[in-house]
Number of protein chains: 2
Amino acid sequence: MITDLHTVPGFVFNGFSAGLKKNNQLDLAIIHAEKPCAAAAAFTRNLVVAEPVKVCKKQMEDGLIQTVVINSKNANACTGELGKQAVYDEIKRTSSIFHVAEKDVFIASTGVIGRPFPITQVLNGITLAANGLENTEKSSDATARAIMTTDTKPKGASFTFSLGEQTIHIGGIAKGSGMIHPNMGTMLSFIITDLNIKPEVLKVALNKAVDRSFNMISIDGDTSTNDTVLVMANGKAANDLIDSTSHQHYAKVEEELTRICIDLGQTIVDDGEGITKMITFEVKGLPEEEDCRKIIRTLSTSLLVKTAFFGKDPNWGRLFAAAGRAGVNFDPDKVDLFMGQNDELCLLKTGQPEELDEALADEILSKRDVKVKFDFNQGKAHAIGWGSDLSYDYVKINAEYTT
Amino acid sequence: MITDLHTVPGFVFNGFSAGLKKNNQLDLAIIHAEKPCAAAAAFTRNLVVAEPVKVCKKQMEDGLIQTVVINSKNANACTGELGKQAVYDEIKRTSSIFHVAEKDVFIASTGVIGRPFPITQVLNGITLAANGLENTEKSSDATARAIMTTDTKPKGASFTFSLGEQTIHIGGIAKGSGMIHPNMGTMLSFIITDLNIKPEVLKVALNKAVDRSFNMISIDGDTSTNDTVLVMANGKAANDLIDSTSHQHYAKVEEELTRICIDLGQTIVDDGEGITKMITFEVKGLPEEEDCRKIIRTLSTSLLVKTAFFGKDPNWGRLFAAAGRAGVNFDPDKVDLFMGQNDELCLLKTGQPEELDEALADEILSKRDVKVKFDFNQGKAHAIGWGSDLSYDYVKINAEYTT
């Protein structure tokens, strides 16, 4: 049960059935705050974007959001003027049902693209939800389930941390399994917290956090039209207002926001379509962090690397060759490559293969969690990312999923 | 039977078994010209390159090659000083056995990387080949077979064309199925012709040809450490020497060289690991040709696009979303998208989905050859590329192939 939203005071939420999915499955989620919250969002970098993304970029301008409406099953993308009008209709209905300003409403959609948006059902759903919001374990779980598409399970993360004498609560939910990639593939995440922070500072922290978490996960290299991460902070914790990035507590906030984004990102990779392995890629020893990230993105999207992990093959050749085509300049003769949580299996030393300890390789590769570490030994930058293998089931799920 | 080399006068060749592969399979190929030929080569752009590639970049400096030795089974990559020494040993032995200058020898290898190179067997193979070269249909076929790795069939192409009153013969062989991608994945191709041309002009023509052929095919997005395309022209056709790119016949030569590279490239895609569909991507209507190519490379390597074709799904949403993340700037509201050899199925018109003709879509997608065309309607550039679908068998072949 995903009880993570329940841990944060000052919010109510629930998941509903608006009749978009078959058999009365949950398909509409609403998260509502007692009062407008400081909010920040990160959106897909795809040029082809869904209508709610276009509209909500504007909704974010004043950095305040009070009510979020999310539907699954239909992405409201490539739906033209009718699709855009539907988003405004959703905003209007939400505003009148929950008594919030239109400018403080946020809309997100996920599902198939290019199909007419079922606006009547969604509007009816919003109306029916009027008295259904609460802050319970059950409503938290229903909210997480209502945003699922091909996900096999709902996803959430939460924890508390201290700022001076105050305890801060933070909790979030996420969805997404196919199309997950740097730049955020069909991926939605909603994070709520009682932190007291200015919107513009929250935005800086979220961008840093997303770059090191959601933008460093990959299942299949595709990014979607709808990807969105939203964080809402209601200030109820009454910590000293974080009003700039030079505030004494800012670094801690950025760190904890990054942590929850990594936690949520990992739940997405872990539920990747048809995966049998969850791979952590660590790259160090290059001059620039962006170069480390480029190498990770090439590794984590290489089909040959992914199928090698599915086949439990310690194929350093595919890893090394993928690094070599990442568009990053390095000296191959300085490269070390390791596998295992503690780098216990050395595969390459200064660019040359080590004799393979097959028993140790078998042991490492028979686990679900595998770590790969490149040390280029030619700089001080460092990055981490997460990926998965590629299995028969990935092909099956994606060959059979209908447009 | 691959008889394509047989069509070109002035060359002898054959495939041999040097004992690298099991069961006396062919694993060593030699192509030898009567005299040093004008030659040009294009190599992998991977930073991690095999030893023969390092050495042969230098061998190409004077633009003359007479004898080529290619082995399969072992790529001689990540093999360090011993690997490099092996290449020099191969050159020496070839020089003494075939009475050619060391500087006119070209070596290529393909197979697994990071394994000690079986130099003794290869040298014995070269010696044994001394009296085995001939220009026959049988020796052409054996040459094409000896360079295969996971290929399911040997690959070749040939034709003649006219330059003024002369008939020019051109024929080539190729190998490669996994790891095929722009920048040339584990892909070898050797082209011979009786054309009379200066090496430096041949080099310009080959680069143009490779950019529009081998660099525009993709099976899995990975590039290898060993990729090489070599063309040798012995001048026997006695056409007026093509001595500059402004020669009256240069344009025709570039066109025909591009044609044979496309023919050979298509045989590689067609034999892609586990493919059931061969997809031609045409992109037009952007300001720059390189932008058209970027879009094609993103489309042809998208897992979601590839699995959709395997599932026979006319999934314009995945195609459109892949185009949107290609890193090319365009206005989504101007985009048209078609499927079918004659663009008979319109999927998107000015960025909006058309009503789907399911019967027509079924008919188009049940064929092995499928064409996809994007018209961005915002420029005059144009490009074509080739890709494949992604099947269960791709995963199986690559999960089980051992390092």
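Cβ coordinates are placed from backbone N, Cα and C, and glycine is handled just like the others.
Among the features that TrEMBL reports, active site, nucleophile is placed at B:THR186. Residues or ranges marked as substrate binding site by TrEMBL: B:THR149, B:LYS175, B:THR186, B:GLU273, B:ASN398, B:THR403.
Features recorded in TrEMBL, as mapped to the structure shown.
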{"residue": "B:THR149", "record": "substrate binding site", "DSSP class": "coil"}
{"residue": "B:LYS175", "record": "substrate binding site", "DSSP class": "strand"}
{"residue": "B:THR186", "record": "active site, nucleophile", "DSSP class": "coil"}
{"residue": "B:GLU273", "record": "substrate binding site", "DSSP class": "coil"}
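Between the recorded positions B:THR149, B:THR186, the minimum number of other C-beta atoms within 10 Å of a residue's C-beta occurs at B:THR149. The residue listed as 'active site, nucleophile' sits 8 Å from B:LYS175 (substrate binding site), taking the Cα positions as reference. Cβ neighbours within 10 Å of B:GLU273 (substrate binding site), excluding its own Cβ and spanning all shown chains: 25.
Long-range Cβ neighbours of B:LYS175 (substrate binding site) (same chain, at least 6 residues apart, Cβ-Cβ under 8 Å): B:SER72, B:THR110, B:ALA144, B:ILE147, B:MET148, B:THR149, B:ASP151, B:PRO154, B:LYS155, B:MET187, B:LEU188, B:SER189, B:ILE268.
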